[in-house]
Amino acid sequence: MNPIATMMFLTSLAIGTTITLSSHHWLLAWIGLEINTLALLPIMTKTPHPRAIEAATKYFLTQATASALMLFSCLINAMQTGEWDINTPSNLTTNSLSIAIMMKLGLAPMHFWLPEVLQGIPLMTGLILSTWQKIPPMILLLQISHSVNLNLTVIVGLTSVLIGGWGGIGQTQIRKIMAFSSIGHLGWIITILKLNPQLSLFNFILYVVMTTAMFLSVITLSTTKMSQISTSWTKNPALTTTIMLILLSLAGLPPLTGFPPKLLIIMELIKQNMLISASLIMLASLLTLFFYLRLTYIITLTLSPNTHNSTIWRTATKPSSVLTIINTMALTLLPLTPTILFT
């Protein structure tokens, strides 16, 4: 793609996100989301492959449906309350607004588009879809968190954690695994949204950091399948070890970055006397833990039969400084958790 066109589309992404984040008006927030969607479509189809075209079509149809539902809910809300302010949704439209935003995020049971779309696009575009594109809808949900239905958020959250673990077990493609990982993590975030929005935001920030680290590491190794990543040990042992630790961090194992949000969410659910929800979400997360450990085993505990006999490591690619910083953050933010929460 022409660099000028790429820069224009990326700038449009930034503008759309800024409009949504800075707006107190439902119509402006909706316009920002539409700019985001339309700016990402050409980036998805920069390689004119049939699978990329199919992924862009599925993404457009899903986002258009969610946008139509969101605009309809905003109009009904304006008719009832006489204003377009984001912080004052009516009781009638809160559920439909929440469902529309959850569809944009890819939460279960509105998740069917996310694995297919992510599988059909390049890794860098997948990184944008998994991180940047989720910021505006998540901020909108946080803004209306005081009025969302608790039962809706808990049911959608538990379903997403379960689907995220169940769907990822049999996958061999890295992008589909990251898609189901995204569904599972967003399930944890949504479960606690009504009870503690600050904790949801903290969890979302760490999710973005860990997902960015994983995608950048896989992009550096140029791997899209588990069979390819299992042979990367002889090419770049340091980065392969880091990927193993990032996977364990995504699984939520201590003492890595992914552990504190899960611990704090479980503690908050117990504090709110939601013991059944806490038990179910912990049991559902065991499925996610299984496929993360399976990936870890394939990466580090199996060796390709064609490994080189030399004792000198052959580093094919040197990680950039951005990758180094993001990977460090994805592994070592546990001691800084109180500071981040306080800030």
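Just so it is clear, glycine is given a Cβ too, placed from its N, Cα and C backbone atoms.
TrEMBL does not curate its annotations; it predicts them automatically.
From a predicted model like this one, the values you see are computed outputs, not experimental measurements.
Taken from TrEMBL, the feature domain 'NADH:quinone oxidoreductase/Mrp antiporter transmembrane' covers 23-288. The annotation domain 'NADH dehydrogenase subunit 2 C-terminal' is assigned in TrEMBL to 289-341. Taken from TrEMBL, the feature transmembrane segment covers 26-44, 152-170, 177-195, 201-224, 236-254, 274-293, 322-342.
Just going by CB pairs under 8 A, the stretch in 152-170, 177-195, 201-224, 236-254 that sits most against the transmembrane segment (322-342) is 201-224. Here the domain 'NADH dehydrogenase subunit 2 C-terminal' (289-341) has a mean pLDDT of 75 out of 100. For the transmembrane segment (236-254), the list of distant contacts is 181, 185, 210-211, 213-214, 217-218, 220-221, 229, 261-262, 285, 288-289, 292-293, 295-296, 299-300, 313, 315-317, 319, 327, 330-331, 334: same-chain residues at least six beyond its ends, Cβ to Cβ under 8 Å. If you count C-beta pairs under 8 angstroms between the transmembrane segment (152-170) and each of 26-44, 177-195, 274-293, the highest count goes to 177-195.
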